[in-house]
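Undergrad: These came from Swiss-Prot, pasted as-is:
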type	residues	note
SIGNAL	1-18	signal peptide
ACT_SITE	H143	active site, charge relay system
ACT_SITE	D173	active site, charge relay system
BINDING	G245, N246, S247, L302, G303, V304, Q305, I306	substrate binding site
ACT_SITE	S247	active site, charge relay system
DOMAIN	286-357	domain 'PDZ 1'
DOMAIN	419-466	domain 'PDZ 2'
Amino acid sequence: MVKKTFFTTLAAVSFSAALETALFFSGCGSSLWTTKAHANSVFSSLMQQQGFADIVSQVKPAVVSVQVKSNKKKKEWFFSDFFSTPGFDQLPDQHPLKKFFQDFYNRDKPSNKSLQRSHRLRPIAFGSGFFISSDGYIVTNNHVISDGTSYAVVLDDGTELNAKLIGTDPRTDLAVLKVNEKRKFSYVDFGDDSKLRVGDWVVAIGNPFGLGGTVTAGIVSARGRDIGTGVYDDFIQIDAAVNRGNSGGPTFDLNGKVVGVNTAIFSPSGGNVGIAFAIPAATAKQVVQQLIEKGLVQRGWLGVQIQPVTKEISDSIGLKEAKGALITDPLKGPAAKAGIKAGDVIISVNGEKINDVRDLAKRIANMSPGETVTLGVWKSGKEENIKVKLDSMPEDENMKDGSKYSNEHGNSDETLEDYGLIVAPSDDGVGLVVTDVDPDSDAADKGIRPGDVIVTVNNKSVKKVSDITDTIKNAQKLGRKAILLQVRTNDQNRFVALPIFKK
């Protein structure tokens, strides 16, 4: 049986929906191998740690439960949905855990009359948040409030207050609410997450499964995690127990400073397995400040589609290191206006080297529209400095301007036998259409499929097979180990490095 492992955001849509995950009970043991001197120092340090009560008492009043109301139809409640998860159905009827969850079910379960009027119900989603100012600004996750029409927060003392949505930033999954009350609220400050080390203690506070004010502790497991949610991924991984409903809640260091905003977990079941992810404080602080001041986040925009530079790609273009960001498609934007083209590699921004595509995206996003930057660009085998005036990032980044082609080409097919490709001229004369691929070839391994269009080879336009073979010969003379194909698939550009076949 194959287990499905997935990332999930942590907002709980009603208490029953949040519990549609399996409960598992197990025990484990482990051994710590170390020298005596080191062990003594570690245990001595642990003995000095008197728990987290002092920190919790300091910061907990600033943490809130976020309730989101929506006009969407509420999911009907079924006892079988609620309790038939693996593990739960095996518990005795009098088991305290089963009784505990049954109490919650019965507490929130609507009556028969209200079920008959289900179209008038307004479902509630639960999440977490925290005050960052005495005048009522609250940070939470965008996915917590994204479907809402009205919002409320429950304070640590149980007081419920209405809140107003100030702004959201889906790209970083952050949002800001505001409570307008003539009182001062307890609040917390953002800390310096750059000082956070793997192995440092952290404390998470939130509203898992609607259980407000829940405190858990753990350590920093890793930094700079990319979990595939977007180009701005740069998560702090922690092993503190984090579950659905913890979304938007804070992660604190031992100084009581917010070092992260909990947003996702990695789990085979949907519940906590000790792998949670928090947005770094540095990112949250910058985004939140703009949301409060402007109601939105304005980012610098180059107007390019990019892909990673692999070792094979760097070899094919004569780049010493497999670093930077390869331009697959310059959209109609600032970069194209400055002369940046597909196949160019951005290797630095204002003199600072770029490691990868995420590095470039973050640096440009942290700049302001209208700002002029100097890009180090690897173009046609040499480095050039190009100045680009950034624009504002549009709402739709998926702008496409691809060539059209057909897979019907009669008898005009030509063969690149050494590379396992059969190609034909495209209908619009731009590139060569791949009509067949040898499944055992390097091209197939690199994901080239029939219907793809080879637009350029080593940044030179191709219209016939001889354009490719001539480029290969020139690359061999230069001692290159691979050729770089610009391939268009369904109007999306990418670059593929193919090893040069030596006869």
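Cβ from N, Cα, C; glycine included.
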Undergrad: Radius 10 Å, atoms counted are CB only; among the binding-site residues L302, V304, I306, which position scores highest?
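TA: Comparing the binding-site residues L302, V304, I306, the most crowded Cβ belongs to L302.
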Undergrad: Out of G245, G303, which of the binding-site residues has the smallest number of neighbouring Cβ atoms within 10 Å?
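TA: Checked G245, G303; of these binding-site residues, fewest Cβ neighbours within 10 Å: G303.
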Undergrad: Rounded to the nearest Å, what's the C-alpha distance separating G245 (substrate binding site) and D173 (active site, charge relay system)? Just drop the number here, would you?
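TA: Just about 15 Å between their Cα atoms.
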Undergrad: Rounded to a whole angstrom, what is the largest C-alpha distance between any two of the residues G245, N246, S247, L302, G303, V304, Q305, I306 that the record assigns to substrate?
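TA: Greatest Cα separation within the listed binding residues comes to 37 Å.
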Undergrad: Just checking, which of N246, S247, Q305 (binding-site residues) has the fewest C-beta atoms within 10 Å of its C-beta?
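TA: Output over binding-site residues N246, S247, Q305: least Cβ neighbours within 10 Å is Q305.
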Undergrad: According to DSSP, folded down to helix, strand and coil, what is G303 (substrate binding site)?
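TA: Assignment for G303 (substrate binding site) reads coil.
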Undergrad: List the recorded positions among D173, N246, L302, G303, Q305, I306 whose C-alpha is within 10 Å of the C-alpha of H143 (active site, charge relay system), in sequence order, or say none.
TA: D173
